[in-house]
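Colleague: What follows is a single structure, and I will ask about it in a moment.
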């Protein structure tokens, strides 16, 4: 909620400084996100009047103007497209200082002298409008200081409200808070009933009373929309971050900001028959005020006539029934819509308006008539017209009702940590316009006004007491708790350890959204139905991820597009598998690498990463819990990975993850030119390991044998190593694959695997006969199982 401080002080004016007011608002829960001057720092700028203009003799786009400051006439060269005789504008005379220390001096533009400058709103930092000069009203007093005339000694304050405080989405609500905080009088705007000048009405039917229990309408005839919106209203709207459109729309927006009641005005000539508040027909079409055509769903509340929908209730009006320059008669609407009925509807159509923002958070159910009278009076004052009687339809059974709440003094003491005086409790609650009636010793019955729809429980009342009394005045008491010993198994590798390990290996941690673009989901997990959000932040964040890879690859792509040629990212987080029925949320650890193997340097940084670099990182992660031997890498398939560079990561036969190169077709669709390698692991399987087993270092020599084995191309090296370990006996201390060869001198259907085996006995020296016998057993077992032979 953004508003003018000067406007707020016209309702409730505590004798405190701007800074103190801002600080106090934040302290009572109305957190101030921003407070800025309404204009830049400038001086020497007055209201000027352009008396005449003529073409510059040496520039097509410049005009030579004669400008009056009320006492003298000055020649000013101006290039603004809207400069014309009779226009009143901000005139910066010689010696004036504009924002950013820009001083106005006598100048010569293309040979013509200029004695000052005519200013746009942007040049004075009043707004971002820069299409031409800031046009002032025709009755602006020539010669008056612009800061005085526009009342620029003001601040715009923006408060970030929690969803339950919809009552503060208006000047009236904020003024009530300020009045209560500082115990100063509240001076609301006077709203009197406007007498009808004719009998014309339009019948109103509530076909969906649960969604719209109250609807008011009024016909106003013979309005003149050629009249401008007065400057005071335009300025108050601008300082509330609302652009002036036309007098009628400006009035409805003004009343919304002032009182908190969203309103809408229809062109009466476009309403066929009466007004029906109903649910939309499934598939019904409506062109909105912003020009987009939408297809309505049956769960959407609409304002309609007897032929078609006119507006999405509480969200946006339709284009064909909207007010235009040719409108002469209005149908003015004010209604109360149920919060639940409108919740999420705007977002479901890709919309968000000031009206929907308020109705979704709650609007005073008793406010509509007051807002109707206020808007009617403003419209009559600005564009004239003849008002008719108000037509109101109400379903009392569906209006919200709040029963009195019992407040106990002992409960207040218990929750605040200190007693509050009974008189103080009554004073604070009455300051918020709550009715308080004593109901026994230390107990009250509290009535809640219709605008405080966030208060329904005793704890809500106690929260209000704490806010107004001051959180900073409550006693500080530290919580007392028993510290329990850490029962985490010693064999468990915690996630922080894995994070540090990957960082040490050159990775950087990424955090990406759990919801992704459905199109990206389909690329990584084709054929799987994603779990979609009913009310996503945006259309490209509508699917819950079934893998961490989509977010990681997008982050990697983002870095590559910003001249980062070597990228190594990892992420830990949840993936979501299945639909709501039987949904699995699994903690995962994933990584993505591309670019050079090592940072650029004189002795390295030339070779790119490959499959085995990613595999080495995965092995380091798996080894962190001391259970690397439980895992194996098995050739596999995954739709997002290269068909020839994909490994299933298994733990004792259970699938725990995947490792591989990004599929070339997927890389092409994502415009990734460099090879990208990915891994993803089930975190629960990775962190559970084994305690290390300690044994005495052997004092006896090691014995090593190297074997060059010829096997078929399709035999995984992992299977060979597993078989060797099984046949090598208990004294095998190290086994390494140090070479893979296929080419000249080798059958094209075979490959050569060179492995090194190291044995060491803890209490004696192994002799050659023992080692040779074991080696022969290994060769025999490999020959029997894999048709392996020694390379000669």
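Even glycines carry a Cβ here, placed using N, Cα and C.
The following feature annotations were taken from Swiss-Prot:
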type	residues	note
BINDING	454, 460, 463, 464	Mg(2+) binding site
DOMAIN	39-147	domain 'tRNA-binding'
DOMAIN	400-476	domain 'B5'
DOMAIN	698-791	domain 'FDX-ACB'
Colleague: Can you name the residues of this chain that are 6 or more positions from residue 460 (Mg(2+) binding site) yet have a C-beta less than 8 Å from its C-beta?
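Modeller: Counting only residues 6 or more apart in sequence, the Cβ neighbours of residue 460 (Mg(2+) binding site) under 8 Å are 405, 454.
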Colleague: For the domain 'tRNA-binding' (39-147), what does DSSP give as the number of helix, strand and coil residues?
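Modeller: Computed counts for the domain 'tRNA-binding' (39-147) are 2 helix, 48 strand, 59 coil.
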Colleague: Which ones in the same chain are close to residue 463 (Mg(2+) binding site), with CB under 8 Å and 6+ residues apart in sequence?
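Modeller: Long-range Cβ contacts: none.
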Colleague: Once the DSSP letters are reduced so that anything not helix or strand counts as coil, what is residue 460 (Mg(2+) binding site)?
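Modeller: DSSP call for residue 460 (Mg(2+) binding site): helix.
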Colleague: Ranking the binding-site residues 454, 464 by other Cβ atoms within 10 Å, which is at the bottom?
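Modeller: Selected from the binding-site residues 454, 464 on minimum Cβ neighbours within 10 Å: 454.
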Colleague: Which numbers of helix, strand and coil residues does DSSP report for the domain 'FDX-ACB' (698-791)?
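Modeller: Final tally across the stretch: 30 helix, 32 strand, 32 coil.
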Colleague: For the recorded Mg(2+) site, enumerate neighbouring residues of the same chain (Cβ within 8 Å of the Cβ centroid of 454, 460, 463, 464, site residues themselves excluded), in sequence order.
Modeller: 452, 455, 459, 461, 462, 467
Colleague: Could you put numbers on the helix, strand and coil content of the domain 'B5' (400-476), residue by residue per DSSP?
Modeller: 33 helix, 13 strand, 31 coil
Colleague: In this predicted model, what is the average pLDDT of the domain 'FDX-ACB' (698-791)?
Modeller: 91
